[in-house]
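All remarks here apply to the structure that follows.
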Amino acid sequence: MNYGQQTIRAARYIGQGFIITLSHTNRLPVTIQYPYEKSIMSERFRGRIHFEFDKCIACEVCVRVCPIDLPLVDWRLERDIKKKQLLNYSIDFGVCIFCGNCVEYCPTNCLSMTEEYELSTYDRHELNYNQIALGRLPISIIGDYTIQTVMNSTQFQIDKENSFDSRTITNY
């Protein structure tokens, strides 16, 4: 191969490299600026577990299917109605592997997986959630626009009912 053919081949390879580089300039960036932007979670994302105390029948299926026997269920047998009464329910997310077996096998659907994944704390004991902490809705649901407008419209009706000449001071 002579010098002229080598020069043409080298120029063609350099041109192909430029074409690839220019094709990447029109693409959107793959990375996001995490604390300020958050990616949208898929429907099957397994985040923090949400617990509904009123639906639970204290059957302990969640404890039996958990690979690490994690949920702690305290209950008392009501002899007059022959039913279990749930006293306490807690999950330690410092140990939880987020497998979703408890949610899958729950007969009353009182457990569900949320999109919340920011559970980091400085103290490990803060990751032990009881039934009150498990029942809180995640921030993404609380910050939902449709829920906010409904809450604001009911607040507006309450403010409208209170007369302006009353002397009670309320902080919202």
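Glycine is treated like the rest: Cβ placed from N, Cα and C.
Annotated domain '4Fe-4S ferredoxin-type' per TrEMBL: 47-76, 87-116, in sequence order. According to TrEMBL, the feature [4Fe-4S] cluster 1 binding site maps to Cys56, Cys59, Cys62, Cys106. The feature [4Fe-4S] cluster 2 binding site is assigned by TrEMBL to Cys66, Cys96, Cys99, Cys102.
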Cβ-Cβ distance under 8 Å to Cys59 ([4Fe-4S] cluster 1 binding site), same chain, at least six residues away: Lys84, Pro107, Thr108
From Cys96, Cys99, Cys102, the binding-site residues whose CA lies within 10 Å of that of Cys62 ([4Fe-4S] cluster 1 binding site): Cys102
Fewest-neighbour residue among binding-site residues, criterion Cβ within 10 Å, set Cys62, Cys66: Cys66
Neighbours of Cys66, Cys96, Cys99, Cys102 excl. site residues, C-beta within 8 Å of centre, [4Fe-4S] cluster 2: Ile49, Cys62, Val65, Pro67, Ile68, Leu70, Pro71, Ile91, Ile97, Phe98, Gly100, Asn101
The one of Cys56, Cys96, Cys99, Cys102 whose CB sees the fewest other CB atoms within 10 Å, among these binding-site residues: Cys99
Intrachain C-beta neighbours of Cys106 ([4Fe-4S] cluster 1 binding site), sequence separation six or more, cut-off 8 angstroms: Val61, Cys62
Secondary-structure category, per DSSP, in which Cys99 ([4Fe-4S] cluster 2 binding site) falls: coil
Rounded Cα-Cα span from Cys56 ([4Fe-4S] cluster 1 binding site) to Cys66 ([4Fe-4S] cluster 2 binding site), Å: 17
Secondary structure tally of the domain '4Fe-4S ferredoxin-type' (47-76) (DSSP, helix then strand then coil): 5 helix, 8 strand, 17 coil
Cβ-centroid neighbours of [4Fe-4S] cluster 1 site Cys56, Cys59, Cys62, Cys106, 8 Å, sequence order: Ile57, Ala58, Glu60, Val61, Val73, Cys102, Pro107, Thr108, Cys110, Leu111
Between Cys102 ([4Fe-4S] cluster 2 binding site) and Cys56 ([4Fe-4S] cluster 1 binding site), the C-alpha gap once rounded to whole angstrom: 12
Cys56 ([4Fe-4S] cluster 1 binding site) and Cys96 ([4Fe-4S] cluster 2 binding site), Cα-Cα, nearest whole angstrom: 20
